[in-house]
Amino acid sequence: MALTSRFFASASTTVTRSSLYGFRYLHQGFRSPYSRKMSTTASLSSLNQAQAAMGGLKLLVTEGPRAQKMVGGWLFGCAAWVFSMVVLGGVTRLTRSGLSMTDWKFTGSLPPLSEENWRLEFEKYQQSPEYKRVNKGMNIEDFKFIYWMEYAHRMWGRGLGIAFALPLTYFLAKGYITRQLGLRLAALFALGGGQGLIGWWMVKSGLEEPVSEYVQPRVSPYRLATHLTSAFVIYCGLLWTALSVVMPEPPSGSLGWVSGAAKVRKLALPLSALVGITAVSGAFVAGNDAGHAYNTFPKMGDVWVPEDIFSLEPLVRNFFENTSTVQLNHRILATTSLFSIGGLWLATRKLDIHPAVRSVIGSTLGMAVLQVSLGISTLLSYVPVTLASAHQAGALTMLTLMILLTHSVRKPAPALLKSLPSLPRSG
């Protein structure tokens with residue numbers, strides 16, 4: 001295990017360094033004479049004036065580079081907060097803490113502050129199916145641990161709402177936010193508010209009596225997948241918007257690099273969808289506790305394909321509720337994603353593309369190898385909290401890199417294309 005830990009730590013460090021290198025390159029991609037001219041003229045107070053001076057480039061933030069950095073930094077911080085929320089939510093689920101709080105208030109409430117309050121909360125939990133069937137005999141000290149886990153997850157989400165709303169109000173008052181960006185941020189804020197409701201809708205399903213006495217209480221896999229997918233959408237939306245604020249145009253440098261980016265884009269878009277579907281399929285693995293079955297690889301037990309993969313009626317239920325089918329789907333999607341990313345890396349080796357784009361593709365391949373390795377290790381180790389949490393964080397990291405890649409191969413504005421040389425300038 002020590003050797004495995006060192007391997008994952010080393011691999012993670014390598015991927016992180018490569019990603020940072022690529023991100024640095026993305027910024028360097030804008031240091032052309034054209035982009036320096038953009039930075040100079042962006043300080044005009046009027047958005048229309050700025051757009052005219054920049055040859056038609058539409059910025060999401062007004063009032064110049066300083067405002068651009070402030071808004072971009074705030075959005076990156078919110079995206080990182082959502083990332084931590086997803087990881088904390090995974091740990092909450094893996095420690096079976098999510099059903100410890102049996103009620104919910106939109107604004108939240110103070111935690112139990114006295115032994116009497118703790119006793120009342122524990123009595124509520126003792127009436128739940130999970131206590132009766134799984135945690136019968138649990139003492140109050142153990143209950144406090146799972147309660148604090150769920151409480152922290154809920155309050156961390158409410159904290160994010162404040163961290164989003166207060167700076168947004170300030171930036172709107174200062175006139176930094178354009179109408180286009182304002183509408184996008186309003187949609188993200190509404191999704192964030194709805195996420196709390198979805199979370200309670202999910203938890204409520206786990207507080208209901210199971211259909212059979214032999215079934216352990218757990219939340220609906222459909223509701224868990226909805227909750228996690230919603231978090232993925234919010235995270236990707238924040239990250240894409242933050243990148244669009246600080247890097248209004250993709251790294252270019254020459255018409256040759258732009259042409260190469262267009263070829264990469266045709267491959268990156270469907271590959272991003274595949275990575276997203278793979279991540280969502282992982283939510284159904286979690287919702288069905290499918291990781292605790294078939295703890296072997298590459299075979300599932302003694303066979304490649306279990307016999308009961310289509311045992312439920314109607315047929316479509318198997319893909320979302322059948323433990324065997326759900327795990328098999330995730331294995332197939334993960335393997336397909338890995339080989340597809342490897343194919344992208346091979347296909348772009350001889351393409352004339354911006355060094356930043358090449359670096360991100362290499363980082364994505366390295367992360368895909370690490371993510372599959374984490375998934376296999378989690379399965380073979382019977383889903384320990386540490387590895388399973390790392391695997392969930394790895395899914396978000398994969399989405400991060402795919403967002404970064406697709407963002408960096410966007411089509412540049414016509415005004416920028418006209419200013420580019422045929423070949424990249426040396427030095």
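Cβ from N, Cα, C; glycine included.
Quick look at what TrEMBL lists:
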| type | residues | note |
| --- | --- | --- |
| TRANSMEM | 71-91 | transmembrane segment |
| TRANSMEM | 155-173 | transmembrane segment |
| TRANSMEM | 185-203 | transmembrane segment |
| TRANSMEM | 223-246 | transmembrane segment |
| TRANSMEM | 267-287 | transmembrane segment |
| TRANSMEM | 328-348 | transmembrane segment |
| TRANSMEM | 360-383 | transmembrane segment |
| TRANSMEM | 389-409 | transmembrane segment |
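Residues 90, 93, 218-225, 228-229, 232, 320, 326-327, 329-330, 333-334, 336-337, 340-341, 344, 347-348, 391-392, 395-396, 398-399, 402-403, 405-406, 409 of the same chain, all 6+ positions outside the transmembrane segment (267-287), place their C-beta atoms under 8 angstroms from a C-beta of that stretch. Highlighted: of the candidate stretches 71-91, 360-383, 389-409, 71-91 has the greatest count of Cβ pairs under 8 Å to the transmembrane segment (223-246).
With a threshold of 8 Å between CB atoms, the same-chain residues lying at least 6 positions outside the transmembrane segment (71-91) that come near it are 60-61, 149, 152-153, 156-157, 159-160, 163-164, 167, 171, 176-177, 181, 227-228, 231-232, 234-235, 238-239, 241-242, 245-246, 286, 385, 388-389, 392-393, 396, 400.
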